[in-house]
Amino acid sequence: DSEGGLYVCMNTFLGFGREHIERHYRKTGQCVYLHLKRHVIEKVPGASGGALPKRRNAKLFLDLETNSDLNSDDFEYEDEAKLVLFPDHYEISLPNIEELPALVTIACDALLSAKSPYRKQDPDSWEEELQASKHAKTLVQLDNGVRIPPSGWKCSKCDLRENLWLNLTDGSVLCGKWFFDGSGGNGHAVEHYKETGYPLAVKLGTITPDGADVYSFDEEEPVLDPHIAKHLAHFGIDMLQMQVTENGLRDNDIKPRVSEWEVIQEAGMKLKPMYGPGYTGMKNLGNSCYLNAVMQAIFSIPEFQRAYVGNLPRIFDYSPLDPTQDFNTQMAKLGHGLLSGQYSKPPMKSELIEQVMKEEHKPQHNGISPRMFKAFISKGHPEFSSNRQQDAQEFFLHLINLVERNPVGSENPSDVFRFLVEERTQCCQSRKVRYTERVDYVMQLPVAMEAATNKDELIAYELKRREAEAARRPPPELVRAKIPFSACLQAFSEPNNVEDFWSSALQAKSAGVKTSRFASFPEYLVVQIKKFTFGLDWIPKKLDVSIDMPDFLDINHLRARGLQPGEEELPDIAPPIIIPDDPKALDTDESSVMQLAEMGFPLEACRKAVYYTGNLGAEVAFNWIIAHMEEPDFAEPLVIPAFGEVASSGAAAFGAVGLDNQPPEEMVAIIISMGFQRNLAIQALKATNSNLERALEWIFSHPELEEESEPALDMMNTENNANANILTETGSEGPRVKDGSGRYELFGFISHMGTSTMSGRYVCHLKKEGRWVIYNDLRVCASERPPKDLGYIYFYHRIPS
């Protein structure tokens, strides 16, 4: 509350704004609150050039914080604290040792001196916020005539051509240590600093019109250099040489930008900032751009806007006593922050004039800091709770899982993404087939590298690159593989070999192929380009490709058709369960492990998923991952039990039924995570001797169970099917899907820059009000050249028939 300050309950230590404190008192009966209010004293120039204090209230938020630079030398703080007693609003100014009991005084002092909860929840993220170097303003640069060429750099002491740093005092180009970026070096830049004391260096290859990577040897950390353009110009480097006109690059400009980082962020272009509802940026909390990009896309969808922002008053009214631990409350607050427009306002004209007079530009850091949201949504997750970069697709599935587990009202917004996949598996020897269905939320398209339309250019580029590497010359201009979207779609629809396929017709292993089709089309289609793979050395790598993604997409030809005339089904016989005497023989299917790892999941989690689902394939293991992502040991290494343990506890892993004839709870949880009811999951597992794959087939082959549903479930299904657009392909017990036409229009995409999902940066582009907008953390601007061909995750919405 910008005027009322913050009220903290002295019993629960929860904070409330002025508009909610009365409701909390009536709801809980707690009557003692600590009232905190911060006044900002803004220094304004006086007549004699001094600074006169100008007092104003500071805004206090629970977790949506503006990013105004109130830490600069232009501001000072004055804090005010009072103890307030309800219902009479009796106030006692603090400190007040005479009137207050010692216990109350100690509690107030402890609360006032406590660190911010955001720093406690995510302390590492604060280390990522770079500070301006103390040497930047007073840096001395030698007038020695040194000019740095645009390419061809090498270390002046060892001729190394990578990981090079330009000393901003004397212009020396020297190599860094290996830990600067992992690419290697002999430490000559550090040695030079020890010899000369010249403190600042910039990494060559990172210079763009938006800035550069600067390191301070004296401060021993990466820093910001507010005067970097001036310091680089001293050595003949023009940061802004790639500026463009409204129509694009100038005729006399240098070669167009091809770097993935430059193209995706539209670097060097004059992008117009956007303000207002739906144009609010999000602060990067330290490698949290994956979260920012996904949430911007999510809250551009009307169903999510209605579910959380439209229901905000009701969600707040019925929130628990501790709203920090309530998913729907946190989603509603985040959605309100992004869509209200309160945190995305253009600068005042007076502020712009002041910046011009001071000959400096302070960007208006509108936006929100989703610290509390990130702390809650990543709680207990070994990857998202860390400060490392993550896979945006993996986070999207994690978010959908939380939405599914925390319903808000009768409409589940995640229904718009859910669809059914029909998988047709055929035994190559007997020619018999099996049809199964599974739930999915993302269409994963393989990259058809063999279909590149510029193969000759790629071959020539690779030869030049190797020659340059051998001769230690600068690499040639990048040539990116151009892949037709139609080839990727064709690769998706083609049959794939099934590893270790067990044919029930032959009662033995045989060759098998699997084909996937859409049993239903979602309201919103999410398409992931499978750019990440593993090399022969098992090192993750990214395919740097350009795919001509269409604005309009028609996939009606991929509609499933079911069992065709003349096809004969495979017998419903399960493979024998064999527990070997040697526990080392319990190997996991590495092809399934790598298939899951390519999706961005931790490698050890993939091994456990394949192991605990009995090597039944990547699809079954994927559902295990979704059901177990919240467990604290999710990414811990797989520990294969000894033989005695296999006999006792291994039953759950291999699908055996317990002595009480109850199926393993892990199996039940996997099926429930797919959207089925618990009673149906138990019934299916009992009917198939707890064989997970056969249990799923059993569910889809028994639609008549709709009539046998329990009364409570009937009522639930009646409510769930109130929306006429919701169709249930497999009866009321099956997952809810919004089926319809397979014609779509592109409205957003998330792009990744870097060589791995565990590093780099994410940026989101969304089409709003007929124009493309780039969301690059706090920066929200009108896009001039949306790089639709370089995206990683694409969002399509169905075109009404």
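Cβ atoms here come from the backbone N, Cα and C positions, even for glycine.
What TrEMBL records for 131-239 is domain 'UBP-type'. Look at TrEMBL and you will find Cys155, Cys158, Cys175, His188 tagged as Zn(2+) binding site. Taken from TrEMBL, the feature domain 'USP' covers 280-799. If you look up TrEMBL, you'll see 587-628, 662-702 marked as domain 'UBA'.
Known features from TrEMBL, placed on the structure.
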| residue | record | CB count, 10 Å |
| --- | --- | --- |
| Cys155 | Zn(2+) binding site | 21 |
| Cys158 | Zn(2+) binding site | 13 |
| Cys175 | Zn(2+) binding site | 27 |
| His188 | Zn(2+) binding site | 21 |
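According to DSSP, the domain 'UBP-type' (131-239) comprises 18 helix, 21 strand, 70 coil.
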